[in-house]
Amino acid sequence: MGNCSQGCKDYFSRQKNTNIRLTLPVVCFVWQIAMIILFGVFIRYDEESDAHWVETKAHDNITSDIENDFYFRYPSFQDVHVMIFVGFGFLMTFLKRYSFGAVGFNFLIASFGLQWALLMQGWFHSLDPQTGKIFIGIESLINADFCVAGCLIAYGAVLGKVSPVQLLVMTLFGVTLFAVEEYIILNLLHARDAGGSMVIHTFGGYYGLSISRVLYRPNLHQSKRMQGSVYHSDTFAMIGTLFLWMFWPSFNSAITDHGDGQHRAVINTYLGLASTVLTTVAISSLSQKTGKLDMVHIQNSTLAGGVALGTAAEFMISPYGALIVGFFCGIISTMGYIFISPFLEKTLKIQDTCGIHNLHAMPGVIGGIVGAITAAAASESVYGKQGLINTFDFTGDFKDRTVLTQGGYQAAGMCVSIVFGVVGGAIVGSILKLPIWGDPADQNCFDDEVYWELPDEEEEHQGSIPPILEYNNHMIHKQQDLSESNFSVEHCES
């Protein structure tokens, strides 16, 4: 038994080999060929994107092409697509020498994930029992982007510490888990979650945190020189923040019902995001005696209101209610970066590179709670009889459901997303821990040179890395004198 244990220990602690010349091309080619085959077998255009649309119009007495769902959904799809490929990618460019990995691997994950998501979500949500086919349209593309968002959130927790092969494996399982938990929450529990506070952010956040815990690196301090930002990397990350912030109302309203629900979701998200900015700035300034702002907070916590309003965006939460949610989310998220991130790393051994716990996981839970309370408190006097039915889809098998029962199912949905994230992440993390994926050594984390060809001028100066701006560091928390801060908190040292 002792020899077996020692053998396992030696196997997992053997020297890292980051040469992915064979594994990465094989995975990309095999998986893309598999997508082509599966799409050929299962995927077809839906009636609104098929060439028989002309006949469908005549049969259903549709007088104009403008009634095609494409014209309602495509503007929102554009915004969500930009968020996935530009917003998330550039938000993660804050590391001084990992911009290629942040944007490039984000591109890779999303491109593979959206294909797999169309299949997985199709099998669970729109598989035609008669033909055995999945019919896709513009709303399918939006939902696939939503699914990918959960995996990109998880990527934020392990940014700079994993190989592209590991990321593809993480996405394969992440999309699969997402499709299952989404089906349970939206179809079986019949919870409402238009903007994905529970289904996307809570799941993605805890999925990434759980993987990061399993992949804990006790010697990550060997890459300390790479774990900070420089001036221009912060600026690029802020571009990601602004794209996400501007388009978040589209994200939360993209798949809501046409009309008042979609209109209301935009208004509520718009107001919640604005409120979050002010409280984030306030807490960031208060956290230092000098009153200076921390770019970590501005880049991330300013988005927390949009996350928290994902579930209740289409509900009658009222404009001032949206402002209240944003108000508290800005405070809680910023305090998370100041207090909770150091605790997670020092005590729970969770190395959360981007602080996704404070931007996605925690605000996602808040969004689930807000959604449950708002649903349970709904009434005909506020919504109207038909409005209540439309908002919560009290039709078919759910026509006799009460608002109190709906609130309970909303809370149950939040619990399902947490369980799937934590348990699923632990299992996937164990798979990713196998020393066969080409992940970097502790001293080479957060460095593009491991997986990317760098421009000549970068390679010439790689020995003289500019100093870390420790004020903007998601993982390193320098020791501060209590006299320099208005908050009494023990900071951890990596």
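Every residue, even glycine, has its Cβ placed from backbone N, Cα and C.
Annotated features, as they stand in TrEMBL:
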TRANSMEM  22-43  transmembrane segment
DOMAIN    69-450  domain 'Ammonium transporter AmtB-like'
TRANSMEM  77-95  transmembrane segment
TRANSMEM  102-122  transmembrane segment
TRANSMEM  134-155  transmembrane segment
TRANSMEM  167-186  transmembrane segment
TRANSMEM  198-216  transmembrane segment
TRANSMEM  228-247  transmembrane segment
TRANSMEM  267-286  transmembrane segment
TRANSMEM  298-317  transmembrane segment
TRANSMEM  323-344  transmembrane segment
TRANSMEM  356-378  transmembrane segment
TRANSMEM  411-432  transmembrane segment
Contact yes or no, the transmembrane segment (323-344) and the transmembrane segment (267-286), 3+ Cβ pairs under 8 Å, gap 6+: yes
Cβ-based contact of the transmembrane segment (356-378) with the transmembrane segment (167-186), 3 or more pairs under 8 Å: no
Winner by Cβ pairs under 8 Å against the transmembrane segment (134-155), considering only 77-95, 198-216, 298-317: 198-216
Beyond the flanks of the transmembrane segment (77-95) by at least 6 residues, Cβ under 8 Å: 102-103, 106-107, 110, 138, 141-142, 145-146, 148-149, 152-153, 155-156, 159-160, 226-229, 233-234, 236-237, 239-241, 243-244, 247-248, 250-251, 254, 295-296, 299-300, 353-354, 446, 472, 474
When counting Cβ pairs under 8 Å to the transmembrane segment (411-432), the leader among 102-122, 167-186, 198-216: 198-216
Sequence-remote partners of the transmembrane segment (102-122) [C-beta within less than 8 Å, at least six residues beyond its ends]: 31-32, 35, 38-39, 42-43, 84-85, 88-90, 92-93, 95, 134, 136, 140-141, 143-145, 147-148, 151-152, 155, 159, 164, 167-168, 171-172, 174-176, 178-179, 182, 452
Intrachain neighbours beyond the transmembrane segment (167-186), with Cβ under 8 angstroms and 6 or more residues off its ends: 27-28, 31, 105, 108-109, 112-113, 116-117, 120-121, 123-125, 147-148, 150-151, 154-155, 158, 193, 198-200, 203-204, 207, 211, 413, 416-417, 420, 424, 427-428, 431-432, 437
Segment-level pLDDT (mean, integer) for the domain 'Ammonium transporter AmtB-like' (69-450): 97
